[in-house]
Ligand SMILES: Nc1ncnc2c1ncn2[C@@H]1O[C@H](COP(=O)(O)OP(=O)(O)O)[C@@H](O)[C@H]1O
Ligand SMILES: [Mg+2]
C-alpha cells in the first residue's frame, strides 16, 4: 500500500516503483518555464507516488509549484524532464490526442473559479464531460441529471451559471467532474472562492463521493482546515515536495 | 451537443453575432446590388447594340474613317444656281434634298462582302449603306436686287446705290431656313436575316423583299413616321427622288429606337447617294459562338483596312449616360463592394479571434476535460459559419430590397451607338454648314436641326435577380464564415489545456 500512511506518521515512504495500487508515479519530474530571459523551476526533480483511492492535500506558498504539479497529474502539460505515469500509462511523451482521451475518461477537474461554460445551462455543462466519450444523447442527459441530483442540484438543471450562487456553481462543476466516473479527481483551490459554510458543504460532497467510489482525490489548498481533512499532506515550496 | 452549444453561444453572445452578421449582410447586399445593376447595364447595352446591329450579329465589318480631304469636309453642300427657286415679292424660296453618306463615315467596296462570305464558319452576312438625307428649306431675299450690272454679288456697300435691302421672310433682307436630316439605311432586301432589320418587327404594311431591288420603295421606323406625319402610301423625298412608303417597323425592344429612320433597297441607296458599289458596314454571324474570334481574325487578315469588331468590343462604343453607368458600375461599384467585403471579412475575423481570446479559459477547460482539438476547432468554425450564413440571409434580403427599389425608380439611361463607324449623337457637328445666312442681312430663324440620325436609345434600367447572384451571396457568406472560423479555430487549436488552470476572467 504505497504512500498511504497514517496522518500522524512522521516520514512517508516515497516509492517510485509502480504497483497495482499506485495511481501516480513521478520520477525526477522537472518543469521549467521561461519568463523573459529568466528560467523558473516550477518543479525540481520531484519523486512522488500517490496510491489509488488516496486523499492527498497539497499546501505551500504561492508560486511554489502547486498548480504546475496538478497540471502534470492531470496530463494538461508535459514535464521538461523526468517521467510521470498514470497507472500503467507513461504520459510524459504521449501524443496529444491520446492524452486528451485519458483526460476525458479518467480524470475529473474542479477549478477555483468553477470554469463553467457561461452560455450553457447546469445540465448542459455537466453533459460537456460526456461529449468526448461519445455517450448517446438520451443516456447523456440521464447521467447528467443523476450527477446533478447527487450534488443536490436536481432543481437547478435548467439554470445558467450566472443564475447560481458560487457554491451551486462549484457543485455543478463537481457534477461535471464526476459524471464520467473518473479514477482521479484533481481540485485546485476548490473552496478558494467560497465562504466557510459553503466550503464545508463542498468538502462534504467531495469526501462523500471519494468514499463512495473509492477514487483518488488530490486537493491543492492553502486553507489548513481543508488540508487537515486529507489522509496525506504534501508541502510544495520552490518546486520541491516534502511530506508533512 | 454541437448544435445546443452553437445555439447557446450565438444567442448568448448576441452582440458579437449581430456585428459579424451585419458586416457580412452589408457587404453581401452591396455585391448583389452591384452585380445586378451590372447585368442590367449590360442588358441595356446589348439592346442598344441590337437596335443598331441587329439580333444575332456576332461581328461587324466597317472601314476606319479617314479624315476628309481638302474641300470635301463639312457634310452635304447645297449649291443653288442664280435662278434657282421661285421668286415672289423679292423673296426666293429654295428647297433641296440631298442623300449622302454620313459625315465622317467611310464606305468601302462591296466586294468585301464576297470576301467575308468566303471565310470559313461565316453563317450569314448582310451589307448595309448608312446614309443621311438632308433637306434644306429656306427663304432668302432676292439677291438679284442687290446685284450690280456685272451680275456679280455685291461685296461691299459702297458700290452703286445702296438701297436698303428688301424681301426675305421679314421683308428687310433677312433669311429663314431650316435643315432637316434623317438617317437612311440601304440594305439588300434579299440578304440573310442578320443585320439591323433582324431587331425590328413590322408594324404596318410590308417589309422590303427580293422584288424591291431597284425599286423606289421605303420602310420607315414607326416613330419617325409618326413624327414626320407620314403613312403608308405617302411619298418621301430622298435626295430629290420620290419613294413610296410601303411599311413601318418598330424595334423589338420596346425601349429602343430602330437603327435608322428610313430603310431602302441597297442598290437604290448606292445610286442616289453617288456611292455606287459601296457599302458602309457588313453584319456577320458566325456558325457558332466559339468560332467568333477565329472568324474575326480571318476577316482582319482578308480585309486589312477594315475595322472588324465583335459585339463585345462594340459594347464599349455605346455612349451616353449608359456608358457612364457602365463605367461607374465597373469601377466604383466593383471597388466599393470589394472594399466593403474586405472590411466585413476583417470584422468577422477580428471579432472571432477576439472572441476566442476572451474564451481562452472556456476552451482550455473543454480541452482539460477531454475535448479533442478538432472538436473545439469545429465548434469555433461552426459558430463563424452560422454567423456568416445569418449575415448572408440578411444580405440577400437587403440586396433584394435594394434591387426592388432600383427597379421601382427605374432610372432612365440613354445610349447611342452608330453603325458605319461614325458618331452622330452630337447634332452640332452634324450636317448643316448653313453659313450662307451670314452673307447679308441677319439670320432670323434657324429651323430645328431635325432628327439626329444616330440611334439613341432611352432604356429604363432593370436590375435582374438571378440565381447566380444568390449563389454568389451564399458563397461569400460561407467563405467569410469559413475564413473567420479557420483563423479563429487556428487560434483555439493553439490554446493549451493548461490555460484552464491559469487564465483568469
Ligand atoms: N505558463 C507559465 N509561464 C511562465 N511561468 C510560469 C507559468 N506557469 C507558472 N509559472 C511560474 O512557475 C512557478 C510556479 O507556479 P504555480 O505552479 O502556479 O504555483 P502555485 O500554484 O503554487 O502558486 C511560479 O513562479 C510561476 O510564476
Ligand atoms: Mg496555483
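From the backbone N, Cα and C atoms, a Cβ is placed for every residue, glycine too.
The compositional bias 'Low complexity' annotation in TrEMBL covers B:81-92.
The domain 'MacB-like periplasmic core' feature in TrEMBL is assigned to B:17-301.
Here the domain 'ABC3 transporter permease C-terminal' (B:337-419) is broken down by DSSP into helix, strand and coil counts: 69 helix, 6 strand, 8 coil. What TrEMBL lists as domain 'ABC3 transporter permease C-terminal' is B:337-419.
Under the heading region 'Disordered', TrEMBL lists B:63-98 (among others).
Summarising the annotation, TrEMBL assigns region 'Disordered' to B:138-175 (among others).
Distant neighbours of the transmembrane segment (B:20-41): 322, 325-326, 329-330, 333-334, 336-337, 340-341, 343-345, 347-348, 351-352, 384, 387-388, 390-392, 394-400, 402-403, 406, 413, 461-466, 469-470, 472-473, 476-477, 480-481, 484; these residues of the same chain sit at least 6 beyond its ends, with a Cβ under 8 Å from one of its Cβ atoms. Annotation comment: TrEMBL describes B:20-41 (among others) as transmembrane segment.
Among the features that TrEMBL reports, transmembrane segment is placed at B:332-353 (among others).
The transmembrane segment annotation in TrEMBL covers B:389-410 (among others).
Feature annotation from TrEMBL assigns transmembrane segment to B:465-487 (among others).
Long-range contacts of the transmembrane segment (B:389-410) within its own chain (CB-CB distance under 8 A, at least 6 residues past either end) are made by residues 17, 20-33, 36-37, 40, 344, 460-463, 465, 469-470, 473-474, 476-478, 480-481.
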